[in-house]
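Asker: Have a look at this one.
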Amino acid sequence: MARTSIATVCLSGTLEDRLDAAGAAGFDAVEIFENDLIAAASTPEQIRARVADLGLTISLYQPFRDAEGAPAERFAAVRRRMTAKLDLMARLGADTVLICSSVAPDTIDDDDLAAEQLRTLAELADDRGMRIAYEALAWGRHVSTWQRSWEIVRRAGHPALGLCLDSFHVLSRTDQYADIAGIPGDRVFFLQLADAPRLSMDVLQWSRHHRLFPLQGSLDLVGFTKAVLATGYRGPLSLEVFNDVFRQADPHRTAVDARRSLTALQDCLDGGGFPASSLTGLAFTELGVDADSGPQMEALLGALGFTHSGQHRSKPVQLWEQGDARILLNSGVGEAAISAFALESSDPEAAARRAAHLHARPLPRRRRQREADLTAVAAPDGTAVFFCRTEPVGEHGWLDDFLPTGEPRALSTGITAIDHLSLAQPFDRYDEAALFYRAVLGLTDDEAGEFAAPFGLVRTLAIRNADRSVRVALSVPVLRRGDWAPAIPHPQHITLATDDLPRTAAALAAAGMILPIPANYYDDLDARISAPAAVRRLGVMYDEDEHGSYWQLFTPVIGSRVFVEVVQRVGDYRGYGFANDPVRMAAHRQQRLREEIKD
Ligand SMILES: O=C(O)c1ccc(O)c(O)c1
Ligand SMILES: [Mg+2]
């Protein structure tokens, strides 16, 4: 396993806070960012001691700017500055400094001059047993590609001068990175890793605000890292992520997220992709209910044709069932929201081991005698995720934790299973969540979207297992919530699958539990596609793709945090009806306003 390293710029707080967080998360090394050091109260010797106490080493000191291609007068000052920084590094116990390619307007466009000047600086470093890693910034004045930085390093021909390869600078500009594998490994001094979402914007802004940890974005970190390792490079894998959210977040939490990304990346390097998921379905979903929302949720489930079939042996938890859809109502955990879900796995112990290996936060087990031993970890938003087998009653599975109520089976309204869960994510946890669902649970991206909701732009990402028996739709506001938006602008929801939507709709309508959809929606639908007449008649929303169609109906929000959607997939429709979300959100807003008037 390669050594792991993280740049202090990835984290927030004082330099000391950042070092502590990196150490606690189990990194081997840190890149010290110059600005963080300059602002630190500790002396370089104190920082060196703290780094050692934390079990860390300093992998890199950076950045050193505007060095190569300088006019002669300015180069004298560059030499002076480098001498001072090398002396500082000696005090810190750092042996490699990063020079990033010049952006200064007076930089001379001449590879031989750049090589000669870098050789001069490398001699200064070499005198102290130190080395220089040269990095092409994607926005460098003249040197902005890895090919050109390599050409200059090659021409300089000094053993104390090598390359720094940074995945962001390479992959933000080109998919042509395969030739990196041909660079001799001893000429690559450092490897920096950052992912990012694909955005079409100025590359400097993209880099300084939107970098992500590996596997949180959409750059090919696996392919890139493989190419660099193919050179024979054996230095650390070092994270260098400039991100507006991480700069404001608890550094300890960010450091664990960062560490998880490197473990996951290493797994992908070893295996050629994420290890296959053992998940085979959704065993149950648990909603937290209180004195108000509990009876409302019971009434809704009753109207939908669920049976209250079991009562937990030791906890205030009801089991409601219809077909393979199982919903637990837990009145011991607070207001209505999705508090937990359980994933069925062909090997729950292996799924739990994988989660622990990827630094997922384990949740304490509160098991009584004779109760099933379910392992749970916390998803980034705090939702408990269980791994289990659903054994038939009497086989010591989780179902045996529930005593039968003896209530007769209700008449089915066509509900067959839980189709998917829609989990609104806290703004500050979204990227962490994407990595959690991909790496810890082994799910793959399905469909991504962005739309204008009543309280701001919302981004969605649906993710699933191979046979679509586990599907989760994550959503997140594009900006942090403003003052005007309600406290919970985007409730979570459970989407149930029905094989008889008209029957489910009739049952919900009889109970007065269907969310009304505005006529404008149907007029637009008619104008765009010739949707079946039943869509308007039933008051449902509709979508279609090349495989089939999707019929959706919604309940009002129960309490303030959760509602239920019922869908019928006709043919082999693959999507989630994201295009309908803004209209549905506005309809929920209308419903709340009507209720406020009633109150
Ligand atoms: O944004 C920058 O200036 C900057 C500095 C140093 C780096 O290693 C880098 O990748 C970017
Ligand atoms: Mg870099």
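Glycine is no exception: its Cβ is also placed from the backbone N, Cα and C atoms.
Please treat TrEMBL annotations as automatic predictions, because they have not gone through curation.
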Asker: Among D109, D110, D166, D267, which residue does TrEMBL name as a further divalent metal cation binder in the site formed by E135, Q192, E240?
Answerer: D166
Asker: Please state which member of H396, H420 TrEMBL lists alongside H493, E565 for binding Mg(2+).
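Answerer: Among H396, H420, only H420 appears alongside H493, E565 as Mg(2+)-binding in TrEMBL.
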Asker: Which binding-site residues, if any, among D166, H493, E565 have a Cβ under 6 Å from ligand 1, given in order along the chain?
Answerer: D166
Asker: Using a Cβ cut-off of under 6 Å to any atom of ligand 2, determine which of the binding-site residues D166, E240, H420, H493, E565 qualify.
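Answerer: The qualifying binding-site residues are D166, E240.
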Asker: Helix, strand, coil: count each for the residues of the domain 'VOC' (417-556), based on DSSP.
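Answerer: Looking at the domain 'VOC' (417-556) with DSSP, the answer is 39 helix, 53 strand, 48 coil.
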Asker: Distance between E240 (divalent metal cation binding site) and H420 (Mg(2+) binding site) at the Cα atoms, whole Å?
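Answerer: Just about 35 Å between their Cα atoms.
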Asker: Among the binding-site residues listed here (E135, D166, E240, E565), identify the one with the smallest other-Cβ count within 10 Å.
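Answerer: Across E135, D166, E240, E565, these binding-site residues, the one with fewest Cβ atoms within 10 Å is E565.
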